[in-house]
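**Student:** My structure is below; once you've seen it, I'll send some questions.
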Amino acid sequence: LRQPIPVPQTLTSPLPSSHSYRGLTLVLTFLSYTSYHLSRKPISIVKSQLHPNCSTLGPNPHNDSNSTTWCSWAPFDGDNYKELFGALDNAFLVAYAIGMFISGIFGERLPLRYYLSGGMVLSGLFTALFGLGYFWDIHVLWYFIVVQVCNGLVQTTGWPAVVACVGNWFGKGKRGLIMGIWNSHTSVGNILGSLIAGAWVSSAWGLSFVVPGIIITTVGIICFFFLVEYPEDVDCSPPLHHVMTTSEKDPEAITSNEGPLSLSGQSSVDHSNSPKEPAEEPEAISFLGALRIPGVVEFSLCLLFAKLVSYTFLYWLPLYIVNVAHFGAKEAGDLSTLFDVGGILGGIFAGLISDYTGGRATTCCVMLVVAAPMLFLYNHVGQNGIGTSIAMLIICGALVNGPYALITTAVSADLGTHESLKGNAKALSTVTAIIDGTGSVGAALGPLLAGLISPTGWNNVFYMLIAADVLACLLLARVVVKEARGWCGPMARQRGYVVT
């Protein structure tokens, strides 16, 4: 059996109620993943500084160097700089995608607090090492590639751990809204990362990585001392993951032989003697077992294409703004944060609507359908004026990141606590890792394709993004049809959105 991880007495004394622990869990996991994204964002801001337009900086002080690339940072000073930027992105993203499938398995078998904190400290180290290449005057491509690969691997510790922690503390009721608000950490991290990186991008771009590396390391140490993984570790009752009115009012009714709810409804006597009853704690779910949970495959493949679009914007939007709207590196970085502001609004809106309707897949599908024409409009009219650009960035951010946020949070938590698991709480991290790992394949493909396609014109990049949005929508068609049929029946609200 899993032994509860000891929590410092200084933490447990002043926080007697489960509500306080829930709030603490939300805050700490929010800060954790904010710092993860904060440390990923600088590369997109620094790209324009690694290969700037040197002709705008005055005469060439080095007579023996090329007049148009004398200010660029080797090895990104050649005509193939976009391909090299794509290689940097994919070194991180491919490692992240591969590592994510493994990370959830480790996350189910290791203490989440140790796993998360250790990953954050290592993430801070490798983020800082990329920036130290500036101060150490490193101009070897393989140095930056290796650092990106290592950083991608260790950053996979974050998402399965934080979703599992939140899922352990919060049941299904209003999960979409709560996790929609909580998931704003992604956009908040991107915004803070852009602002922090922008502060030093023109003077000493190495600090654009070193400072975020210090921040994520500090937050990781805080989580090590104060994060509580399970309600049972501090003598709190676990949440109900399935809606049954009689079970909430009569805990003893659940402990009879109620299958999936038996673990969530322990009586007070059983809870005091044994936080987790041995008979109700099976071994961690296998990879294939997680794939057999209804809905996991559909949402995983949908996220692949949704995340492809989101991460293409994450890594290429500042450079697109520089090239098309002709802003400076700092101004482009600041303007790109509006896409993440829209992402915050979209995640909250998607969670609220999906809670009200009970249709997670339908909510995602509608937003993806509307996102496709909005992307087309942004590319064609988004740079006609600063007001138009601001409005379009916020709208596109909401529509692109809304489905992405909903799938990676509420949907993952719902599937990881699906009733077919019969109370096996150890599936949540594995399911989350499978869904986000599949999505990370798209996150790797998006920037790679953008790097390959952008030399042919930015229009083609946007056509690729629109096609990805349409495919993401089509992959959810079966689940959407089942949801629509469910709404026509008398048990629609109780059946939820996952198809059996």
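Quick reminder: no glycine exception, Cβ is built from N, Cα and C everywhere.
Reproduced below are the annotations present in TrEMBL:
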- 25-485: domain 'Major facilitator superfamily (MFS) profile' (DOMAIN)
- 84-107: transmembrane segment (TRANSMEM)
- 114-136: transmembrane segment (TRANSMEM)
- 142-170: transmembrane segment (TRANSMEM)
- 182-201: transmembrane segment (TRANSMEM)
- 207-228: transmembrane segment (TRANSMEM)
- 247-279: region 'Disordered' (REGION)
- 254-272: compositional bias 'Polar residues' (COMPBIAS)
- 296-317: transmembrane segment (TRANSMEM)
- 361-378: transmembrane segment (TRANSMEM)
- 390-415: transmembrane segment (TRANSMEM)
- 427-449: transmembrane segment (TRANSMEM)
- 461-481: transmembrane segment (TRANSMEM)
**Student:** I'm a bit unsure how to read this: which one of 142-170, 207-228, 296-317, 390-415, 427-449 has the highest number of Cβ pairs shorter than 8 Å with the transmembrane segment (461-481)?
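**Tutor:** By the under-8 Å Cβ criterion, the transmembrane segment (461-481) pairs most with 296-317.
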**Student:** Considering only Cβ pairs within less than 8 angstroms, which of the stretches 84-107, 114-136, 207-228, 390-415 has the most against the transmembrane segment (142-170)?
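**Tutor:** Against the transmembrane segment (142-170), the leading stretch is 84-107.
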**Student:** List, by number or range, the same-chain residues at least 6 past the transmembrane segment (361-378) whose CB is under 8 A from its CB atoms?
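**Tutor:** Same-chain residues near the transmembrane segment (361-378) but 6 or more away: 298-299, 302, 306, 309, 346, 350, 353-354, 392-393, 395-396, 398-400, 402-403, 406-407, 462, 465-466, 469-470, 472-473, 476-477, 479-480, 483-484, 497.
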**Student:** Mind looking up the mean pLDDT for the domain 'Major facilitator superfamily (MFS) profile' (25-485) in the predicted model?
**Tutor:** 81
